[in-house]
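Over in TrEMBL, the protein carries these features:
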type	residues	note
DOMAIN	18-70	domain 'Myosin N-terminal SH3-like'
DOMAIN	79-771	domain 'Myosin motor'
BINDING	173, 174, 175, 176, 177, 178, 179, 180	ATP binding site
REGION	609-640	region 'Disordered'
COMPBIAS	630-640	compositional bias 'Basic and acidic residues'
REGION	651-673	region 'Actin-binding'
COILED	923-957	coiled coil
COILED	986-1106	coiled coil
REGION	1106-1149	region 'Disordered'
COMPBIAS	1125-1137	compositional bias 'Low complexity'
COILED	1159-1233	coiled coil
């Protein structure tokens, strides 16, 4: 096992498998899962303790026989390498993980695996195939660029030009892996980088063959929307200057059965749907086509449209390609006639006449259309679709056939026509690509089916897997056998590596008495059947070949162990598909057609009509001889060969061609079965990696010597690593001595007769040594030159710097002395000048302040008087309104209580009457029940009375508290008025305002204390509300208990009560929230107004300073700010005083404007608040009236049940009144806060505007 983990056999397992070492363990879902050792491994342990990446701890059992340890993981630095052979550990999980990381994380679809390019289908269009990418890869070495199909094409093109040897690119993979696209891009690369020899633009013709072959040979399958249903090998010819001169194409195994049958979610060949999609165009009307779902041969898959594909545009591309290849318009329409005829033939309905015969109904429109399109008579075609000839030695009989046989013959004819048409198109494409210039070399591109295995495998899968066996053998010969033979030729020590040789499997298929031989023999038997052929296979190979098996539960199937997997084949229809028979009478009818193109399709190949001459249907008879395609015999005897025999011969010719070229391998991988972009399924990927030989290449690369140099090449390359004394006349001895010094492990290289062989990574190591040696030499040279240059530059700069410094120091000393003298003189002058300026400025400010204070105090007194007058009026209005509201509320409550009592007494009387009626039957029971009901009613009445008393007490307390708060507010207002009077007196007498500020602070503290008390009362009120709610809920429960006698009525009453309660509660909560929101907004507006006031104050100060600055009268030097001086204009004392008075008047006008604006804003806002409060009160009264009217409409029993609810609604209304009072109190606080702000600022210009705003607020309240 250690030999499989990178060749580290010299190290003990205990050194590798230590704690925290990362390994790979098998997993059913992900194939391989990463894990980490939690304990060291010791020799003799039977298991390993591992922890998975998700934290799960597992125990990994070791095989007691092999003791194989799990694979080790590569270091993270190696993950994502573009060549799998560069990994330290080369094994299946490392390869799978590296491909997944590159594909999923880095979005890279190409990876090298030695000489193989692994391409993963991204199922997404990538921008990596443009002309700029082609130019980037052109002329570059493979190792210098990232893996790409262009890199493989460049390597093939370069080797063809360098070695003058033909090349081939073998693209393989299963359906949907991207083989056709890879081959297409390789041909595009050759066409771009090589150019052409003439103006014929051959490379465009080569590329034009792709849309034609895709239209007639590709179809949608469940695995691929553009799956190639045939194999093709294209030889691109080059001249002596390695420019494209032409091409030739060979095709293999066209899937003819798809013409007549498609599975679900699949389509027929693209060209049929292109014609149906274009049937509405005038030029296609004569084809008599319509929607694809109306034809039997195109509707079976029930998927006529491919997402993102426009079949009409695709037909235009196909026709353009035909035109580019020289097939004119008339011949194109002839091809489309044949294709349309096939669709009509599939719709011909054959019915039973009796058990042994069939008939086509007369005037069948599809058969009529078929006959018109192919130029045959209706009677002949109808006759031979339902009859066949039987020949004996002396006579010929015409016999009817049953409907099933006739249907099969019809489908066989359709497949035969399509196959003939396909071969005709391939021949004429080749003719268009042939050139008269002599071909010097070629590059072949092989695009063929990959290995296939399905639930039911038939003759087609057998031939495909047979071809893949041959290709795998060729791959083995090139990669493994030739490598080992070269080692032996060079006579280096080498251990032969065992690899899977599939020659026994190929012998089983193609050798004498093999499967194909027995199949051909059975086809020649007059009464040969699939069952008899299966028995021959069992008798011949079951006991002699280990690769051949028989299923246990079937006698009509066999199993072959291929190089990729075991495949079970069903013998059904093997003979029929191998013989590929068609009713010759039907073919004779078509040969007698009046349609020249159809006649040409069924000719034996002697002559053909030129597609560039007169088209079919024009009456032209110009003919010329055409050489048959290479590999196709023209004799009638050879034409009778079976399909298996023909395929074996063409495959042998293909192998002969490939063996004569230098192959380049591209392995296409299909990442998932759902066509999801950049989605990686490890199970599907590892199956394909095992099948295409990638893992076998990894194994041989890990054990072999992938790098090799001749002695002369090694000496020339690495001469820099040798010392002079190591260079000897014998190059081989010189190389040996140098390698022994550079590489200590002699197992890393081997000396052959003409070459030196290196293991993976050694050439890179030598290249690193060489680069390091050259780098050291370059650095030493650079160091010496830089040292000399820098020293010379330094000495020059040093001399210049000393001279500059000498002159600079003298100049700076002289400037310093001069500056010190001037500074001392300027300081003395400034000192005296500042003194004069500041004394003058102080006297001016003092005079201005006295004038402003006098005006402001008078204005403030007038504003205070107006404010007090408005406040008194507002208080009187509020008192009257509150009294009226209280009386209205009391009246409504009294009416509700009286009405409730009446309802209750009425209910009680009715119950009493009911008890009297049943007294005759049960007197004792009535007494007990009456006694219990009376007790409960008495208890409920007492509780209601208690609640009323409590409610009255609470109401009285709230009224008294409101009265006390009003009185306290009056006291505070009186105190503020007194303080303002004291403040005016103090100002008139020149006393400072410190004592008033202290008083104001005390008032603020008292206001804070009052707010805390208010908060306490609010908390008490909230607790009281909760208790009232609990009590109401208890009353509801008792009320429900008392009304059990009438369950239906009580249920209705409870539902209505709950609805009304929810509505009223929700409305009250919303109104409360709205009031709180308005209060917060008002506070926010107050803050904004306060900020505006402060801004105005700052503007006033600035204006005042500007006036003072402009009125300065002393001339001379005056400082700006505090340190600089400026000149002042000369004014007389009288002009300065006049300007001061004028500035004072302007400041007063500005202040008055500010006061008026602020007052108007506050009045407007307070008016809005009052209107909102009045609207809320009106809405509350409307809701109360609506509630009273709704309650009046209910019957007596409902009124009794609503008693407790009315009490609850009353409490809610009280809460709403409390919230209104709270809003009033908050407005009062805002007013007091404004008054508090105005107190300490009486000496400035802000007080008049602030007091004006307060007065407006009091007036609105």
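Cβ atoms are placed via backbone N, Cα and C, with glycine included.
The Cβ of residue 177 (ATP binding site) lies under 8 Å from the Cβ of 119, 121, 450, 668, 669, 670, 688, each on the same chain and at least six residues away in sequence. The list of residues near the region 'Actin-binding' (651-673) in space but at least 6 beyond its ends in sequence, with Cβ under 8 angstroms from a Cβ of it, reads 99, 103, 113, 115-123, 149, 152, 155-156, 159, 163, 165-179, 182, 186, 223, 233, 235, 250, 252, 444, 446, 450, 466-467, 470, 474-475, 477-478, 631, 679-681, 684-685, 688-689, 692-694. Taking Cβ-Cβ distances under 8 Å and a sequence separation of 6 or more, the neighbours of residue 179 (ATP binding site) in its chain are 171, 172, 173, 228, 447, 448, 450, 668. Other residues of the chain with a Cβ within 8 Å of the Cβ centroid of 173, 174, 175, 176, 177, 178, 179, 180, the ATP site, are 121, 224, 227, 450, 668, 670. Applying DSSP to the domain 'Myosin N-terminal SH3-like' (18-70) sorts its residues as follows: 0 helix, 24 strand, 29 coil. Other C-beta atoms found within 10 angstroms of the C-beta of residue 180 (ATP binding site) number 23, with every protein chain shown included.
Sequence-distant neighbours of residue 175 (ATP binding site) (same chain, 6+ apart, CB under 8 A from its CB) are 221, 223, 224, 227, 228, 449, 450, 452, 670. Taken together, the residues of the coiled coil (1159-1233) have an average pLDDT of 64. Helix, strand and coil counts from DSSP across the region 'Actin-binding' (651-673) read 9 helix, 8 strand, 6 coil.
Neighbour density at the Cβ, taken as the number of other Cβ atoms within 10 Å, is lowest among the binding-site residues 173, 176, 178 for 176.
DSSP gives residue 178 (ATP binding site) a coil state; it is part of no helix or strand. Neighbour count (other Cβ atoms within 10 Å of the Cβ, all protein chains): 25 for residue 174 (ATP binding site). Residue 173 (ATP binding site) falls within neither a helix nor a strand when secondary structure is assigned with DSSP, and so counts as coil.
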